[in-house]
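The structure appears below as structure tokens.
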Amino acid sequence: MAGRASVRFSPLYLRLLSILPILLIFLAGKCSGGRIISMPSEDQLVSDGVHPGGSSGYSPFLLLRRIARSSRFSVTEGCEQTYGFLPCSTSVLGNLFLVLTYGFLMFKAATFLSGGSELLLEMLGPGIIGGLFLPILGALPDALLILVSGLSGSKEEAQNQVLIGMGLLAGSTVFLLTLLWGSCVVVGKCDLSDNSTAVDSQDTRRFSLLGSGVSTDLQTSYAARIMAISIFPFIIVQLPKIFGFPSGQHVIVLITLIVSVGLVLAYCLYQIFQPWIQRRRLAYAKHKHVISGILKHAQMQALGRLLTSDGEPNLPVIEKLFHAVDLDDDGNLSRSELRAFIIGIQFEEIDLDKDDAVNKLMADFDTSRNFTVEKKEFIQGISKWIHEAKRTVPTSGAYSKKFVQDFHKKTKEQHDMLIDKSDEVADEIENPTMVYVKAVSLLLLGTIIAAAVADPLVDAVDNFSTATNIPSFFVSFIAMPLATNSSEAVSALIFAARKKKRTSSLTFSEVYGGATMNNTLCLAVFLALVYFRHLAWDFSAEVLVIFLVCIIMGLFTSFRTTFPLWTCFIAYLLYPASLALVYVLDFKFGWS
């Protein structure tokens with residue numbers, strides 16, 4: 001049957017293999033009693049190959065120590081192993097290594113969760129999955145780290161470690177709205193037209209602060225407004241501090257918790273009924289299949305190979321394709337000629353909107369915006385498509401026949417799974433059970449790794465803070481968001497690099513959505529810890545930083561859709577300014 005999708009499990013196996021060495025290290029540590037980086041004694045030194053041995057001074061030697069079989073936990077000098085077997089350390093370098101290791105595992109967990117979420121979205125489309133399930137899964141690593149930061153130990157220990165959770169909460173939001181937002185502007189910038197709108201795929205002005213930038217749609221500005229509104233719980237929880245009635249703080253925390261949960265539900269319901277991001281993904285998948293169909297048509301017309309022997313676009317062949325489409329031989333392609341070309345291509349019974357396809361082709365090819373496609377523009381456009389296809393199927397080699405067929409097959413499968421249920425009927429998938437198994441496997445694996453690594457990562461950050469005398473808030477503010485948001489950041493930058501208005505809209509909408517979930521779901525988890533463990537709410541400086549960044553970026557992005565390149569500097573400067581503000585308020589004015 002046409003439209004059946006094949007399922008390949010090799011990406012999952014590759015992901016498993018990428019973390020297998022670290023998991024084997026942990027299992028070996030469990031069997032041998034753990035590898036502990038600690039203060040050495042003369043009879044137990046094993047050189048690390050970098051630092052010289054000796055009894056004088058302090059060097060971060062690896063200490064191999066066996067645990068007695070009857071003992072479940074090994075407590076060394078100021079260092080307790082998480083779960084009784086994971087390595088711990090009291091040295092700076094040892095804890096830095098552990099932070100990087102556990103951070104990498106948390107990054108892999110976030111990657112698995114993202115991959116499983118995308119598969120479910122492709123299978124089931126927007127709705128409950130896209131609007132309710134996926135936003136929660138996206139915030140799961142942050143939520144788990146915040147949760148474990150205040151669960152373990154006594155109340156005093158929890159009060160100390162919960163600073164790590166607050167650092168992650170603030171750092172993740174600030175990272176999304178400053179470093180990532182600014183980088184998306186730089187990567188996605190295009191030339192700005194006379195009406196201050198970015199011209200798709202045209203980037204000739206390079207780093208012109210006023211002449212280049214990005215444009216988004218109105219729906220993206222609405223997402224920015226929702227993000228700005230999500231800051232409301234931070235205002236509520238600070239009311240006792242603002243008006244000076246600390247005795248009511250515990251009740252206010254409970255009220256804020258209820259408000260935060262309500263905002264999470266409201267945001268998810270809103271996404272269910274207005275699935276902007278998911279619909280943009282569906283539209284992009286359909287356009288990508290049109291691209292592959294045109295390349296396949298060029299292949300089938302016996303015009304020669306689309307790639308030369310060295311893997312570059314074959315320009316003479318592309319010229320032949322141009323002349324075949326140019327029916328009146330005037331050296332330009334009109335809308336009617338492009339429409340006739342698309343009608344002549346068989347898209348395997350896909351119900352394609354021909355006029356919409358022509359509009360997208362004109363947007364891709366007509367860089368001069370004179371409403372016709374010249375030969376040079378056509379060659380540049382097809383060459384760009386070929387390079388994108390090569391990136392999509394890099395294993396096909398330089399032979400155009402195989403690479404075009406693989407690319408077209410892959411886009412067809414993506415279209416079948418991403419098809420919009422609201423206006424088209426999806427083709428039957430041959431083995432949907434296997435796709436569900438793969439999605440659920442990725443989600444379970446990501447959840448298990450995130451839950452297992454959260455506690456040791458928090459401990460490593462806390463120990464690193466102790467070893468370096470750097471406040472744990474600053475360590476978690478800078479380091480932990482890189483682990484939990486790296487996969488989303490890479491995905492956002494890849495989309496932004498396509499230099500299209502629709503992909504830029506998707507990118508920035510996801511950034512605002514991530515900040516919204518931090519301000520609602522992750523804050524709700526943090527407030528639950530504070531309330532049920534009766535912890536003190538003493539985070540005025542941190543809340544002020546989150547509030548200022550969200551308000552500044554929210555107001556800045558809610559009422560405009562074009563952002564010149566100079567706007568990235570506003571976002572970039574907010575990041576060090578946030579760190580400096582917390583330091584001044586906490587350590588100079590004693591707010592906390």
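The backbone N, Cα and C atoms fix where each Cβ goes, glycine too.
Cross-referencing 4-26, 119-141 with TrEMBL places the feature transmembrane segment at 119-141. Sequence-remote contacts of a segment are chain residues at least 6 beyond its ends whose Cβ falls under 8 Å from one of its Cβ atoms, and for the transmembrane segment (563-585) they are 170, 174-175, 177-179, 181-183, 185-186, 189, 192, 207-216, 473-474, 477-478, 540-542, 544-545, 548-549, 552-553, 556-557, 591-592. Broken down by DSSP into helix, strand and coil, the domain 'EF-hand' (313-348) contains 20 helix, 3 strand, 13 coil.
Of the candidate ranges 83-107, 435-454, 509-533, 539-556, 83-107 contributes the most Cβ pairs within a distance under 8 Å of the transmembrane segment (474-497). Among 83-107, 251-273, 435-454, 509-533, 509-533 has the largest number of CB pairs under 8 A with the transmembrane segment (161-187).
Recorded stretches compared: 83-107, 435-454, 509-533; the one with the most Cβ pairs under 8 Å to the transmembrane segment (539-556) is 509-533.
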